[in-house]
Amino acid sequence: MTDDKTRDRIYAQRQDRIDSFVFDQRVAAVFPDMISRSVPGYASIIGMIGILAKKHAVRGSNLYDLGCSLGAATVSMGREVVQRDCRLVAVDNASAMLEKAEEQFVRHDLPPVQTLCCDIRDVTVSNASVVVLNFTLQFLPVEERLTLLRNIRAGMLDDGVLILSEKISGADEQEDELLIELHHAFKRANGYSDLEISQKRASLEEVLVPETIAIHRARLAEAGFSRVDLWFQCFNFVSFVARP
């Protein structure tokens, strides 16, 4: 059971002003609880990232977790490729998150992980067999997403994979309303109040901009990926595997 210190209650009290969501110390302290109660299928996605990494990691190549938060995807990959002489690179621009990620890497006795506290747009991807963007792209300005994907594609091996997980919007207004309704019901079932749901949504309004599956597919193709497969969806949360 989650104790009070690690239980997400950031939006439990009514706030006079809702500031934009940031990955600060408060969020880092409760992030595992927040993400598990907010993103349906998150644990399954993390587990499958490791399985996909095991399938596609090339000996001597680099594996990137761009926007690693507390490092769950890095840990999942590291466990599966420990014998492959791969280099794990975990990147996040929030020092509070990266500090806790580094603790996780030590706790799980991973091979050495290179951690970079910087903007993922400033990272030069190279010799990459696996690149993970796990609910990260959605936080970038829309007009900057294609450039990042092109840079990732340029640094990938020909048989590498990009794992892209995103919160999406529905294909039309009716579908979008349904997906949002189901997601909110999921959060209520996990103990969030209507106040918490509405205040969290307001905090993300200008920070997280979701797009449709069709837009993601088109952009990945424009960035140079020849095949894009949707392997996971639950409500308005999806994950793709894209290949050069």
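Keep in mind that glycine also has a Cβ here, set from the backbone N, Cα and C atoms.
Annotations in TrEMBL come from automatic prediction, not curation.
Features reported for this protein in TrEMBL:
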- Tyr42, Gly67, Cys68, Ser69, Asp92, Asn93, Asp119, Ile120, Asn134, Arg201: S-adenosyl-L-methionine binding site (BINDING)
- 65-154: domain 'Methyltransferase' (DOMAIN)
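In the three-state DSSP assignment, the secondary structure recorded for Tyr42 (S-adenosyl-L-methionine binding site) is helix.
According to its DSSP assignment, Asn134 (S-adenosyl-L-methionine binding site) is in a strand.
Within the same chain, residues at least 6 positions away in sequence whose Cβ sits under 8 Å from that of Cys68 (S-adenosyl-L-methionine binding site) are Thr74, Ala90, Val91, Asp92, Met97, Leu98, Ala101, Thr115. Confidence for the domain 'Methyltransferase' (65-154), expressed as mean pLDDT, is 97. Annotation for Asn134 (S-adenosyl-L-methionine binding site): spatial neighbours Ile45, Ile46, Ile49, Asp65, Gly67, Ser69, Ala72, Ala73, Ile163, Ser165, Ser239, criterion Cβ-Cβ under 8 Å with sequence separation of six or more. According to DSSP, Asp92 (S-adenosyl-L-methionine binding site) is assigned to a strand segment. The domain 'Methyltransferase' (65-154): residue composition by secondary structure is 41 helix, 20 strand, 29 coil, according to DSSP.
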